[in-house]
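Chemist: Sharing a structure with you now.
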């Protein structure tokens, strides 16, 4: 009877796929290890990488008849469980698992799944049933189970069969080789190096306009639109390409030889005579740096002119060493004088015509604007969340010598994209929430590069204010500001990279049961990058959108496009509409202008409060989302509606002080300490030293802050927080209200302040 079982078992084994039969050789080798130490296994994957691979549910055996029981009898579940437990605890089993790519985490998951499969299945596959029966009868060896376990493990974790392929797909060590057409050329690389207001971009643009064909790649829609307008005004037909629209310089569907585009929309398949890449220092940006890297490596152009700060030169030269190209450097000096004043502003009473007060949060924008207008001075307001038309209107109002508006309050959104006639830049604060390369929010002093970029906006060439001035609002910030502006920007060390849609599609082919967010995590953790030149850009915003629409059935390519949408995830209404649009698209239902109108509250009304204004800004972003997707039929109608909405928002911003008053009036008796909290912030602004992290360490190292002073500041901070908490308890509705976002949409992160405060109390 035992010989019969052995013959049947052997027949079953020979009918297995070659990969499973080959595993028996490994099992045989393992039997020689009973009394010997295990052989060294291959290098294990990091635990955090293994945990990213989600187990696949294994389907039960589909055979209706229990052939195994008919041949060798039924299996006792209790005996079967003993065999499985013994199998999983064997040193030789674990050694074989390691040799086949299963680390401790994957072993645990696979053992558990295999055990449940064997115990809970009504009918086991006949060959596995016979193997278990032989072991129970003493005619088989427990290691005979391993080939079946390994087959099960590879079903649960499909990546075990394709790990080498996954690593090859995510090998990003030589991104220059991705662009074969660009590598086929011997490109002339010209770096126009200089500070703000030095004329570097002007000289690059002159070469662009004189070329037969050209492309301008800018960081903002405003800059691309400005180049588009100037080129056409000078008689050089030029098209405009941004994420939301395409405009033709000649006629519809008749492309011009020149293109002005945002850097993400740059074509790396079209040949040009001249390409201009503006603000090249953004190649280090944790979120968008990949777009500059792609443009610099991939543009098919005889001449590539890059403009930016001197700190980018060394990195560009190193990258060009990998492409066999050299960099010609043209240096420019600032065209106008810039003086750092010896005294701080001290009070808003000292604001003068031509002043621009730079804040790093919307809350500061609102409160400073109101305080200045309370002194009888009209204010222009610019921050990142405003539509482009509103920004331009506010800039024109401020620049017009005949206009009564002589003061501007803005965020660092003015650092790029707007021509402003500013006499003096005043830093209201030197502390800004930022995001590091790990995607963590932290509060730190503004960088040298950012400070120079903003300060350089003062004293523009050929304006009424050719001599620029810079100072701080608070006297305690002035010395720090002077020290920052006396430095040169640190050399850039790395350029950003990002997974492409093609790479993620290949990952999805190998891991069909993984979500898009999960695929991105696996890619980032498995990828290999040349750390001396490149880094992987932060993908948290992409993953946030991917997880939001994970339950919506969409093709992978469409899902990827949706997740690339430039959405501010701090705006609940925008996120809600994003989800609605994705659902509508997945059902193959038309996403029309009527759909947008019905969900966005058309027709629009003039805002009466700041909350109304913030909502209208969100609606504008939703319309941008509609046009960005390039998947929907009525983009033209939505664009016309955006123009109308832009004008309404402009009127709201022109009357921002009245909106603030209305907001406070509507909240009286409901959230009284909300206004109090805002006023307290203005009267007693946070000191830079109150933040934890690198800033505190830097001040301690420089001797500007002693441990004793730090201890006293912490006590004072804690006392203030206790006082605010006590005041907050007097309002029963405080927790039910949702006050306006306290940061600039594009440039700061309010959650960082709140998070830091909580840490401080601890």
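Just so it is clear, glycine is given a Cβ too, placed from its N, Cα and C backbone atoms.
Pulled these features from Swiss-Prot for this protein:
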type	residues	note
BINDING	194, 195, 196, 197, 198, 199, 200, 201	ATP binding site
COMPBIAS	721-730	compositional bias 'Polar residues'
COMPBIAS	739-748	compositional bias 'Acidic residues'
DOMAIN	181-321	domain 'Helicase ATP-binding'
DOMAIN	331-508	domain 'Helicase C-terminal'
REGION	716-762	region 'Disordered'
TRANSIT	1-36	transit peptide
Chemist: Identify all same-chain residues not among 194, 195, 196, 197, 198, 199, 200, 201 whose C-beta atom falls within 8 angstroms of the centroid of the ATP site's C-beta atoms; report them in sequence order.
Modeler: 332, 334, 335, 456
Chemist: Would you mind pulling the DSSP three-state label for residue 198 (ATP binding site)?
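Modeler: Its secondary structure by DSSP: coil.
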Chemist: What residues, ordered by sequence, lie under 8 A Cβ-to-Cβ from residue 196 (ATP binding site) and sit at least six positions away in the same chain?
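Modeler: Spatial neighbours, sequence-distant, of residue 196 (ATP binding site): 334, 452, 453, 455, 456, 457.
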Chemist: DSSP on the domain 'Helicase ATP-binding' (181-321): how many residues come out helix, how many strand, how many coil?
Modeler: 57 helix, 40 strand, 44 coil
Chemist: If you count other C-beta atoms within 10 angstroms, which of the binding-site residues 194, 195, 199 is the most crowded?
Modeler: 194
Chemist: How many other Cβ atoms are found within 10 Å of the Cβ atom of residue 200 (ATP binding site), counting all protein chains shown?
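Modeler: I count 23 other Cβ atoms within 10 Å of it.
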